[in-house]
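Heads up: the structure comes next, in C-alpha coordinates.
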(Lines of atoms letter the chains of each structure in order from A and count residues from 1; the text may use other names and numbers.)
(Lines give C-alpha, C1' and ligand atoms only; values in the text may rest on other atoms or scores of the structure.)
Protein backbone atom coordinates (compact mmCIF):
# COMPACT_ATOMS: atom_id res chain seq x y z
CA UNK A 1 0.00 0.00 0.00
CA UNK A 2 1.04 3.54 -0.62
CA UNK A 3 1.02 5.74 2.52
CA UNK A 4 -2.08 7.62 1.33
CA UNK A 5 -3.96 4.32 0.85
CA UNK A 6 -3.00 3.24 4.38
CA UNK A 7 -4.31 6.56 5.69
CA UNK A 8 -7.63 6.13 3.85
CA UNK A 9 -8.04 2.58 5.13
CA UNK A 10 -7.17 3.67 8.67
CA UNK A 11 -9.69 6.51 8.51
CA UNK A 12 -12.41 4.23 7.12
CA UNK A 13 -11.76 1.62 9.84
CA UNK A 14 -11.64 4.25 12.59
CA UNK A 15 -14.90 5.79 11.39
CA UNK A 16 -16.46 2.30 11.00
CA UNK A 17 -17.55 3.37 7.54
CA UNK A 18 -20.53 1.09 6.92
CA UNK A 19 -22.88 3.76 5.50
CA UNK A 20 -22.32 5.95 2.46
CA UNK A 21 -20.44 9.18 3.05
CA UNK A 22 -19.45 11.88 0.57
CA UNK A 23 -15.90 11.39 -0.65
CA UNK A 24 -15.22 15.04 0.25
CA UNK A 25 -16.27 14.34 3.86
CA UNK A 26 -14.06 11.25 4.03
CA UNK A 27 -11.16 13.34 2.71
CA UNK A 28 -11.64 15.76 5.61
CA UNK A 29 -11.91 12.96 8.16
CA UNK A 30 -8.76 11.21 6.91
CA UNK A 31 -6.85 14.50 6.76
CA UNK A 32 -7.73 15.21 10.39
CA UNK A 33 -7.34 11.74 11.91
CA UNK A 34 -4.38 10.46 9.88
CA UNK A 35 -2.35 13.68 9.58
CA UNK A 36 -2.50 13.93 5.79
CA UNK A 37 -0.68 17.07 4.62
CA UNK A 38 -0.51 16.79 0.83
CA UNK A 39 -3.70 18.41 -0.43
CA UNK A 40 -7.28 17.29 -0.60
CA UNK A 41 -7.32 16.69 -4.36
CA UNK A 42 -4.60 14.05 -4.07
CA UNK A 43 -6.38 12.27 -1.22
CA UNK A 44 -9.66 12.40 -3.13
CA UNK A 45 -7.95 10.71 -6.11
CA UNK A 46 -6.67 7.98 -3.78
CA UNK A 47 -10.16 7.31 -2.41
CA UNK A 48 -11.65 7.25 -5.91
CA UNK A 49 -8.92 4.85 -7.05
CA UNK A 50 -9.60 2.48 -4.14
CA UNK A 51 -13.32 2.38 -5.05
CA UNK A 52 -13.08 2.00 -8.82
CA UNK A 53 -14.59 -1.21 -10.15
CA UNK A 54 -14.54 -0.88 -13.94
CA UNK A 55 -12.61 -3.40 -16.05
CA UNK A 56 -8.89 -2.72 -15.74
CA UNK A 57 -9.04 -1.04 -12.34
CA UNK A 58 -9.29 -3.10 -9.14
CA UNK A 59 -9.96 -6.83 -9.03
CA UNK A 60 -11.15 -6.27 -5.45
CA UNK A 61 -12.19 -2.70 -4.66
CA UNK A 62 -11.85 -1.98 -0.94
CA UNK A 63 -14.40 0.85 -1.04
CA UNK A 64 -17.86 0.76 -2.63
CA UNK A 65 -18.44 3.41 -5.33
CA UNK A 66 -21.76 5.28 -5.36
CA UNK A 67 -21.82 7.69 -8.27
CA UNK A 68 -19.45 8.37 -11.17
CA UNK A 69 -16.04 7.06 -10.08
CA UNK A 70 -14.59 7.08 -13.58
CA UNK A 71 -14.72 4.86 -16.62
CA UNK A 72 -12.48 2.43 -18.42
CA UNK A 73 -12.52 4.71 -21.46
CA UNK A 74 -10.54 7.41 -19.65
CA UNK A 75 -8.68 5.22 -17.16
CA UNK A 76 -10.77 6.49 -14.26
CA UNK A 77 -9.67 10.12 -14.73
CA UNK A 78 -13.26 11.17 -15.51
CA UNK A 79 -14.72 10.71 -12.04
CA UNK A 80 -17.18 13.25 -10.69
CA UNK A 81 -16.18 15.84 -8.10
CA UNK A 82 -15.67 14.49 -4.56
CA UNK A 83 -18.64 16.48 -3.28
CA UNK A 84 -21.04 14.56 -5.58
CA UNK A 85 -19.94 10.95 -5.04
CA UNK A 86 -20.27 8.65 -2.06
CA UNK A 87 -18.39 5.65 -0.70
CA UNK A 88 -18.22 3.19 2.19
CA UNK A 89 -16.10 0.18 3.12
CA UNK A 90 -16.69 -2.88 0.97
CA UNK A 91 -17.82 -5.81 3.16
CA UNK A 92 -14.81 -7.86 2.01
CA UNK A 93 -12.32 -5.24 3.24
CA UNK A 94 -12.51 -6.17 6.92
CA UNK A 95 -12.23 -9.83 5.95
CA UNK A 96 -8.97 -9.12 4.10
CA UNK A 97 -7.64 -6.71 6.75
CA UNK A 98 -8.58 -8.55 9.95
CA UNK A 99 -9.85 -6.51 12.88
CA UNK A 100 -8.12 -9.00 15.19
CA UNK A 101 -4.77 -7.70 13.89
CA UNK A 102 -5.46 -4.05 14.78
CA UNK A 103 -4.07 -4.28 18.32
CA UNK A 104 -0.74 -5.82 17.21
CA UNK A 105 0.03 -3.38 14.39
CA UNK A 106 2.68 -0.69 14.94
CA UNK A 107 0.93 2.67 14.72
CA UNK A 108 2.75 5.79 13.65
CA UNK A 109 2.68 8.94 15.74
CA UNK A 110 2.74 12.49 14.43
CA UNK A 111 2.88 15.44 16.82
CA UNK A 112 1.31 13.35 19.59
CA UNK A 113 -1.48 12.02 17.36
CA UNK A 114 -1.77 8.26 16.82
CA UNK A 115 -2.19 7.82 13.08
CA UNK A 116 -2.23 4.89 10.64
CA UNK A 117 -0.18 1.72 11.10
CA UNK A 118 3.31 1.53 9.64
CA UNK A 119 1.91 -1.33 7.53
CA UNK A 120 -1.18 -3.50 7.26
CA UNK A 121 -1.02 -7.28 7.03
CA UNK A 122 -3.81 -8.46 4.71
CA UNK A 123 -4.60 -12.17 4.50
CA UNK A 124 -3.75 -12.06 0.79
CA UNK A 125 -1.04 -9.92 -0.91
CA UNK A 126 -3.12 -7.02 -2.24
CA UNK A 127 -0.26 -5.75 -4.42
CA UNK A 128 -0.84 -8.85 -6.56
CA UNK A 129 -4.65 -8.66 -6.40
CA UNK A 130 -5.00 -5.05 -7.59
CA UNK A 131 -1.52 -4.45 -8.98
CA UNK A 132 0.33 -1.17 -8.54
CA UNK A 133 2.29 1.46 -10.35
CA UNK A 134 4.72 3.86 -8.81
CA UNK A 135 7.70 6.09 -9.42
CA UNK A 136 10.54 6.50 -6.96
CA UNK A 137 13.90 8.19 -7.07
CA UNK A 138 15.72 6.59 -9.97
CA UNK A 139 13.23 3.79 -10.66
CA UNK A 140 9.66 2.93 -11.61
CA UNK A 141 7.58 -0.14 -10.89
CA UNK A 142 4.52 -1.73 -12.44
CA UNK A 143 2.83 -4.88 -11.08
CA UNK A 144 -0.06 -6.43 -13.03
CA UNK A 145 -3.32 -7.53 -11.41
CA UNK A 146 -3.73 -11.27 -10.79
CA UNK A 147 -6.69 -13.50 -9.99
CA UNK A 148 -7.23 -13.64 -6.23
CA UNK A 149 -7.99 -17.38 -6.47
CA UNK A 150 -4.63 -18.06 -8.15
CA UNK A 151 -2.88 -15.95 -5.50
CA UNK A 152 -4.57 -17.82 -2.64
CA UNK A 153 -3.71 -21.16 -4.30
CA UNK A 154 -0.04 -20.14 -4.56
CA UNK A 155 -0.01 -18.87 -0.95
CA UNK A 156 -1.25 -22.29 0.19
CA UNK A 157 1.33 -24.02 -2.02
CA UNK A 158 4.08 -21.84 -0.54
CA UNK A 159 3.03 -22.70 3.01
CA UNK A 160 3.05 -26.41 2.13
CA UNK A 161 6.45 -25.98 0.40
CA UNK A 162 4.93 -27.08 -2.91
CA UNK A 163 5.88 -25.83 -6.36
CA UNK A 164 4.19 -22.53 -7.20
CA UNK A 165 2.08 -22.21 -10.34
CA UNK A 166 2.80 -19.45 -12.84
CA UNK A 167 0.09 -16.81 -12.74
CA UNK A 168 -1.26 -14.91 -15.72
CA UNK A 169 -2.39 -11.31 -15.33
CA UNK A 170 -6.12 -11.10 -14.63
CA UNK A 171 -8.54 -8.20 -14.82
CA UNK A 172 -12.02 -8.80 -13.38
CA UNK A 173 -14.66 -8.53 -16.09
CA UNK A 174 -12.17 -8.63 -19.00
CA UNK A 175 -13.48 -10.99 -21.71
CA UNK A 176 -10.49 -10.88 -24.07
CA UNK A 177 -7.29 -12.89 -24.15
CA UNK A 178 -4.09 -11.89 -22.38
CA UNK A 179 -0.93 -13.01 -24.16
CA UNK A 180 2.65 -12.67 -22.91
CA UNK A 181 4.76 -10.00 -24.61
CA UNK A 182 7.83 -11.11 -26.51
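Glycine is treated like the rest: Cβ placed from N, Cα and C.
Going by TrEMBL, these are the annotated features:
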DOMAIN    1-182  domain 'Topo IIA-type catalytic'
ACT_SITE  84  active site, O-(5'-phospho-DNA)-tyrosine intermediate
Count of other CB atoms lying within 10 Å of the CB belonging to residue 84 (active site, O-(5'-phospho-DNA)-tyrosine intermediate): 12
Mean of pLDDT values spanning the domain 'Topo IIA-type catalytic' (1-182): 96
